[in-house]
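Swiss-Prot annotations:
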- 93: active site, proton acceptor (ACT_SITE)
- 266: active site, nucleophile (ACT_SITE)
- 93, 94, 95, 96, 97, 147, 189, 216: substrate binding site (BINDING)
- 308, 310, 313, 339: Zn(2+) binding site (BINDING)
- 247-253: region 'RNA binding' (REGION)
- 271-275: region 'RNA binding' (REGION)
C-alpha cells in the first residue's frame with residue numbers, strides 16, 4: 001500500500017472508530033461526510049463556501065465528467081483540484097452507479113457497459129480499463145473500481161452475476177491502475193444475500209487495497225434492510241483500512257453505520273433537499289427536516305438552528321429564507337445548501353468526538369435504535 005494513504009485509528013468505542021486517513025491533499029478525519037460534486041461542483045456552492053461548511057473531502061463523478069467537459073480537458077488544468085479549485089481531497093466514483101441509475105439507457109456484457117448518452121443519444125462505452133484511465137486523468141486522491149450495481153429488488157441469479165462480473169472487472173481495474181498517488185478502492189456488491197456479500201468481499205480483500213467500499217445499498221430497499229446489509233458487510237472488510245458506505249448520508253444511516261465500523265459517507269441529499277426549500281435540523285429526536293415553503297416560517301425571525309455555526313445561521317432568519325424560497329431566488333438554494341452540508345459535517349464531527357470520549361452509544365442512542373429485524377435472503 002502506498003504510504004501516503006495510511007489509515008490510523010486513534011479511538012475506538014465498541015466497533016465505532018475515529019481515525020485519520022492520509023491523502024496527498026491532506027488528512028481526512030473520520031467519521032467523515034463527503035458532499036457530492038457530480039459535475040466538479042457541489043451545486044450552488046463555491047469552493048470557499050464549501051470549505052467554510054467544514055467539508056474535508058468531496059466526491060465527483062467519472063461518467064458525467066468523461067462526457068462533459070471530458071477527462072482530457074480536466075487533465076489539462078492539472079486534474080480536478082486545479083480545474084475546480086478545491087484544495088482538499090477528492091474521490092471519484094467509477095461510473096458503476098450509472099449502471100444502476102441509467103438502467104434504461106445501457107446494456108451490459110462481460111467486457112463492460114454501453115450507455116446511450118441521454119442528451120445526444122450517442123453510444124458511450126465504459127470498460128474497467130476506461131473507467132480507471134479516466135479517473136487517472138481526473139487525478140482524484142481516491143478512485144473507485146468499476147462495478148455492477150444491481151437494483152433492488154433483484155433475484156439471486158441477477159445479483160450473483162453482478163458479483164462475479166464485479167470481481168472480474170475489479171481484477172482488470174487493478175491491472176490498469178497506473179498512478180501510485182491515487183488510492184484504488186474496491187466496491188463490495190452482493191445485494192441482500194450475505195453469502196454473496198462475503199464472496200465479493202473476500203475477492204476484493206485479497207488484493208490488499210488502501211480501502212474498501214460497501215456498494216449496492218440505498219437503491220430502493222427499506223431502511224431496516226439497509227442497516228442489516230451494512231451490519232453484515234462491514235465486518236468482512238479489513239478493520240485497519242478505511243470503510244466507505246456509498247450513497248448514504250442521513251443522520252440515522254450514518255450513526256448506524258459508524259456503530260459497525262464504517263468511516264466514510266457521501267450523499268446528494270443535503271444539497272438536493274436544499275434546492276427544494278428544505279433545511280436539515282440536528283437535534284435529539286433523530287432526523288428532522290423543515291420545508292421553508294410552509295406558512296409558519298413567514299414571520300419566524302429565528303435562525304434555522306440557534307446552535308449551528310454556519311454562515312446561514314449566523315446571518316439570516318427563517319423568515320428571510322422562507323421569502324427567498326417563495327420568491328424562487330437562487331440565493332435560497334445557496335444558503336440552504338451551506339446549512340445542510342454544514343449540518344452533516346458537524347454531525348460527523350460530533351460522532352468523532354463521542355467516539356473519542358467513549359460516549360458514542362449513550363449520546364447517539366436515539367439514532368441506534370433499530371426497527372424490526374428484516375430477514376435477508378438465503
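Glycine residues also receive a Cβ, built from the backbone N, Cα and C atoms like all the rest.
Features recorded in Swiss-Prot, as mapped to the structure shown.
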residue : record                       : contacts (Cβ under 8 Å, 6+ apart)
93      : active site, proton acceptor : 59, 60, 61, 62, 63, 144, 246
94      : substrate binding site       : 62, 131, 132, 135, 143, 144, 145, 146, 147, 173, 187
95      : substrate binding site       : 61, 62, 63, 66, 113, 126, 131, 134, 146
96      : substrate binding site       : 131, 144, 145, 146, 147, 148, 149, 187, 215
97      : substrate binding site       : 149, 215, 246, 247
189     : substrate binding site       : 147, 148, 149, 150, 159, 162, 163, 166, 196, 197, 200, 215, 216
310     : Zn(2+) binding site          : 52, 53, 338, 339, 342, 343
313     : Zn(2+) binding site          : 303, 304, 305, 306, 339
Quiz item: According to DSSP, which kind of secondary structure is residue 96 (substrate binding site) found in, if we only use helix, strand and coil?
Solution: helix
Self-check item: Integer Å distance between the CA atoms belonging to the residue listed as 'active site, nucleophile' and residue 308 (Zn(2+) binding site)
Solution: 21
Exercise. Quickly jot the same-chain residues contacting the region 'RNA binding' (271-275) by Cβ under 8 Å, restricted to those at least six beyond its ends, or write none.
Key: 35-36, 42-45, 289, 333, 336-337, 339-341
Quiz item: Of 147, 266, the recorded positions given in the record, which has the fewest other CB atoms within 10 A of its CB?
Solution: 266
Practice problem: Taking the Cβ of residue 216 (substrate binding site) as the centre, count every other Cβ atom within 10 Å, in any protein chain shown. | Solution: 34
Quiz item: What three-state class does DSSP give residue 313 (Zn(2+) binding site)?
Solution: helix
Exercise. Please work out which residue of 308, 339 has the most C-beta neighbours within 10 angstroms of its C-beta, and give that one of the binding-site residues.
Key: 339
Self-check item: Assigned element (helix, strand, coil) containing residue 339 (Zn(2+) binding site), judged by DSSP
Solution: helix
Quiz item: In which DSSP state, out of helix, strand and coil, do we find residue 216 (substrate binding site)?
Solution: coil
Quiz item: What are the other residues, in sequence order, whose C-beta lies within 8 angstroms of the center of the C-beta atoms of 308, 310, 313, 339 at the Zn(2+) site?
Solution: 303, 304, 305, 309, 311, 312, 314, 338, 342, 343
